[in-house]
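Novice: According to Swiss-Prot:
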- 136, 139, 165, 168, 197: Fe(2+) binding site (BINDING)
- 139, 164, 168: Zn(2+) binding site (BINDING)
- 5-25: transmembrane segment (TRANSMEM)
- 38-58: transmembrane segment (TRANSMEM)
- 72-92: transmembrane segment (TRANSMEM)
- 124-144: transmembrane segment (TRANSMEM)
- 152-172: transmembrane segment (TRANSMEM)
- 187-207: transmembrane segment (TRANSMEM)
- 211-231: transmembrane segment (TRANSMEM)
- 248-268: transmembrane segment (TRANSMEM)
């Protein structure tokens, strides 16, 4: 296995394991700093939006233009971009809102857990773990492909997705812990949901390695850009605003874009 593949896989694994951090927060503390969470999620959205539109979309277009010509290359980049959005939106739609970790208020779970039926809480946590696993699969592919293309790009996306995964880990562990009072169960299930990211990377690698051409790279990368834009707009920003002030979320967003822009400029 080449160093670049090992590096990209390691990034994906670390990003996925960030759900474990969220799970620890879920059963060790009832006090999640909402302002810090708002800024962090906004920052993550900024990184992902900037890199999707400025770097990944452009790389996809360049790769497809080499194979298909400028006009056809651009058309197929746009098509693949919206296919990526459609796929992740469909996954999101197929997960019922109550069990979807992106539709849940984890603060409310913590505050009202004593009044809830424990079996219902446990079911919520288990379905949240399943939902997060489904969502993390394409995110793992996005991180892996980015790491293969450009180490700096891969690190930035891995950090953004890791930040995104922390509240997801909390969404799994909080209901399971308050239902079972078992830290071990809460941590293990949250941890396993995060492993869907490296599994997505492995699956993507084995499926695409025999077909890996400029055309394949361009189509997959454009789809990855669409997936990341959807995650940012549908999950990260709404969740950031739910936990804190609108302007804090936007400040984090701009900060993430700025940091990403500077980091890309430094490695030109």
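Every residue, even glycine, has its Cβ placed from backbone N, Cα and C.
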Novice: What same-chain residues lie close to the transmembrane segment (5-25): Cβ under 8 Å, and 6 or more beyond its ends?
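Specialist: For the transmembrane segment (5-25), the nonlocal Cβ contacts are 32, 132, 136, 139-140, 143-148, 151, 154-155, 157-159, 161-163, 165-173, 186-187, 189-191, 193-198, 200-202, 205.
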Novice: Using Cβ-Cβ distances, find the residues under 8 Å from residue 164 (Zn(2+) binding site) that belong to the same chain and are at least 6 apart in sequence, listing them in sequence order.
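Specialist: Once residues fewer than 6 apart are set aside, residue 164 (Zn(2+) binding site) is near 41, 44, 139, 231, 235, 236.
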Novice: Who are the chain neighbours of the transmembrane segment (211-231) in space, where the CB to CB distance is under 8 Å and they lie at least 6 residues beyond its ends?
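Specialist: Tertiary neighbours of the transmembrane segment (211-231) are 48-49, 51-53, 56-57, 59-64, 66-68, 73, 76-89, 92, 138-139, 141-142, 145-146, 149, 157, 164, 204.
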Novice: Cβ under 8 Å to the transmembrane segment (248-268), counting only same-chain residues 6 or more beyond its ends: which ones?
Specialist: 35, 38-51, 54-55, 152-153, 156, 160, 237, 240-241
Novice: Quickly jot the same-chain residues contacting the transmembrane segment (38-58) by Cβ under 8 Å, restricted to those at least six beyond its ends, or write none.
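Specialist: For the transmembrane segment (38-58), the nonlocal Cβ contacts are 77, 81, 146, 150, 153, 156-157, 159-161, 163-164, 166-167, 221-222, 224-226, 228-229, 231-233, 236-237, 239-241, 243-245, 248-261, 264.
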